Amino acid sequence: MHFFQSVAVGALAAAAVASPLGVPHSVHEKRPEAATGWAKRDVLDRRAILPMKVGLAQSNVDQGWNWLKEVSVPTSSKYGQHWSAKDIAEAFAPSTETVDAAKNWLTLAGISESRIKQSQGLNWLEFDATVDEAEELLKTKYHVYEHEATGQPHVACDEYSIPTHLREHIDLVYPTVHFDAKIKSRDDGLELEKRDGTFGHGRGPRGPGGGPWGGPGGGWRMPHHHRPTNDLANCDVHITPDCLRALYRFPVNYRANPKNSFGIVEYTPEAYVPSDLDLFFANFSQRSIGERPIFDSIDGGVNQQTNMSFNFNGESDLDLEYSMTLVYPQPVTLYQVGDLVEGASFNNFLDAIDASYCSYDGGDDPTQDAKYPDPYGGYQGPENCGGFAATKVISTSYAYNEADLTPFYEQRQCHEYMKLGMMGVSVLYSSGDYGVAGNGGQCITSPVGAVNATYNNGTSGRFNPSFPGTCPYITSVGATQVKNNTNIVTALATGTQPEEACETVIYSGGGFSNVFPLPEYQADAVHHWFADYPPPYGPDRFNNSQQTRGLPDMSANGANYIIAIDGNFSLVYGTSASTPTTGSILTLINQARLDKGKSSIGFINPVIYAHPEILNDITEGGNQGCGTPGFESAPGWDPVTGLGTPNYPKMLKLWVDELN
């Protein structure tokens with residue numbers, strides 16, 4: 001099995017001794033049942049060797065939000081005074097007490113110090129252990145599980161324990177209860193495998209609705225002979241760049257600031273088609289014909305041109321056609337993550353833009369994140385730990401269900417987004433395309449708090465929010481649409497709101513976290529929504545405690561986007577469209593600030609919640625799912641469209657003229 005390392009079993013077994021007597025242990029993580037699609041098989045072969053990793057708690061995490069507030073809250077005297085990467089690394093390094101306590105536990109349990117390696121970022125203790133050693137150390141029993149569709153084996157336990165006094169020092173241990181193993185095909189996954197509703201292979205994230213557009217077939221294709229139009233009278237049926245400029249009142253861009261940058265993240269095998277870019281540019285941005293994104297290949301990322309179809313090219317074509325058009329001549333960076341065989345995860349991307357994250361703040365989970373060199377024969381270069389710069393705005397149109405992953409895994413990744421915010425980076429994630437349901441319309445059937453939740457087909461069950469959308473340190477973007485039979489020019493001229501929550505093909509993802517507490521900047525908005533527009537559901541449907549993070553934060557149009565795809569024009573829908581559009585507008589705001597010698601806007605949530613007047617409030621439409629009407633849009637913040645859509649002139653005035 002690929003997750004075992006071949007080392008001397010005898011030497012390790014001889015070193016094993018019983019754990020010290022009298023040390024109280026507590027269950028650290030527990031999984032009530034196997035993840036959907038996995039069947040428990042045999043106990044683990046006693047000859048197997050497990051590559052163990054103990055994740056150490058970082059220091060000063062409790063101070064992170066205070067530091068982020070200093071540079072993000074609009075009334076702060078330090079607003080915009082972002083940190084350097086060096087400052088970040090030094091501030092969050094694990095304490096000597098934590099490292100020593102964890103090492104002492106291992107050595108007392110018979111894991112000699114010579115076998116323990118501390119990672120370069122200091123946040124992991126790594127060692128190889130026999131099955132007997134691991135089971136005694138963690139008071140558990142390992143089994144082999146088999147994926148019912150592919151036959152892929154996976155090692156896991158139902159729960160594990162650590163000494164009670166170490167709970168504050170240890171975040172998690174791998175491999176244990178985590179069930180996010182990459183799914184390899186029975187031929188070892190050496191060929192691209194088309195999977196309904198997913199982009200990338202293995203354990204990578206999904207498009208926000210299980211694919212980038214939700215709906216059957218992933219979008220609706222216009223006849224190839226239909227020439228797209230720029231007529232603003234048709235924006236209720238065909239969205240173009242000019243429709244977006246009119247809706248959100250931002251101009252055509254004519255300059256670029258060398259300090260400015262905008263990044264789009266894609267996961268192989270999703271790829272753009274160069275001729276599609278030029279076909280789109282010929283109709284909507286003739287200045288851009290021949291332009292290509294700056295290509296950052298992470299962990300063997302390749303813009304493959306072998307598998308050409310709507311599902312392989314749609315996401316990247318959409319993201320680049322609109323982002324490059326809306327910010328041109330500002331260059332756009334394409335982060336292409338993962339090779340054709342193994343794929344990649346959000347952590348693999350974060351590794352590449354922050355070297356310390358390869359181990360610091362959680363690093364990589366071998367059951368969730370891709371390992372390089374690729375053990376399956378793909379990219380044979382080293383894992384990219386650093387070497388790539390984080391752009392000022394990063395837009396990602398992929399997501400997991402929050403319930404797919406353990407809280408430890410999500411919290412550690414969320415801390416990295418906090419650090420990016422401290423460094424002045426705006427991180428955007430799409431909120432999802434299935435309303436209150438999760439990827440593919442799934443709803444949760446397992447108990448609250450279960451690791452690796454079980455799902456149904458969406459006809460009932462608990463609401464299923466997305467991650468990283470529930471992380472309080474990113475900006476979650478929902479979707480709107482132009483109301484049917486609405487001329488946006490007439491509507492805007494008369495002060496009428498031309499948009500409503502998206503209910504065409506897709507439904508704007510929204511809801512409440514089951515993991516992350518309600519952030520300070522959002523508390524008033526959430527409490528007001530519950531008080532003024534209480535939803536007709538109880539805790540059997542969603543976390544109605546009024547104490548957890550709500551999403552989305554804001555929205556933009558996500559329906560009827562014209563894109564060029566595989567030589568034709570198609571219409572696509574979803575938060576995959578609204579997210580890069582929002583990122584483009586924020587990039588233009590950054591450009592204006594940088595032109596005046598100011599910093600980037602960084603983490604925007606404290607500003608938009610303090611100044612909701614810079615957004616266009618959306619008060620109509622809902623986000624049905626899980627056999628319910630979902631939530632309803634309302635004045636102010638709501639869990640359908642957030643605070644509303646961009647109003648560029650008001651955003652520009654606040655960020656450029658009024659804030660430091």
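The backbone N, Cα and C atoms fix where each Cβ goes, glycine too.
Summarising the annotation, TrEMBL assigns active site, charge relay system to GLU315 (among others).
Here TrEMBL flags ASP319 (among others) as active site, charge relay system. Packing around ASP319 (active site, charge relay system) is summarised by its Cβ count: 29 other Cβ atoms lie within 10 angstroms of its Cβ, all protein chains included.
Within 10 Å of the C-beta of SER576 (active site, charge relay system) we count 32 further C-beta atoms, all protein chains included. Positions annotated as active site, charge relay system by TrEMBL: SER576 (among others).
Counting every protein chain shown, the number of other Cβ atoms lying within 10 Å of the Cβ of ILE618 (Ca(2+) binding site) is 26. Summarising the annotation, TrEMBL assigns Ca(2+) binding site to ASP617, ILE618, GLY636, ASP638.
Under the heading compositional bias 'Gly residues', TrEMBL lists 199-217.
Per TrEMBL, domain 'Peptidase S53' is recorded for 238-658. The average pLDDT the prediction assigns to the domain 'Peptidase S53' (238-658) is 95.
Residues or ranges marked as region 'Disordered' in TrEMBL: 195-217.
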How many Å separate the Cα atoms of SER576 (active site, charge relay system) and GLU315 (active site, charge relay system)?
7
Can you grab the distance from ILE618 (Ca(2+) binding site) over to ASP319 (active site, charge relay system)? Cα atoms, rounded to a whole Å.
24
Fewest other Cβ within 10 angstroms of its own Cβ, chosen from the recorded positions GLU315, ASP617, ASP638:
ASP617
For Ca(2+), what surrounds ASP617, ILE618, GLY636, ASP638 with a Cβ no more than 8 Å from their Cβ centroid?
THR619, SER633, ALA634, PRO635, TRP637, THR641, GLY642, LEU643, GLY644
Inter-residue Cα distance where the pair is ASP319 (active site, charge relay system) and ASP638 (Ca(2+) binding site), in Å:
26
When you measure from the Cβ of GLY636 (Ca(2+) binding site), how many other Cβ atoms are you left with inside 10 Å?
18
Euclidean distance between Cα atoms of ASP617 (Ca(2+) binding site) and ASP319 (active site, charge relay system), Å
25
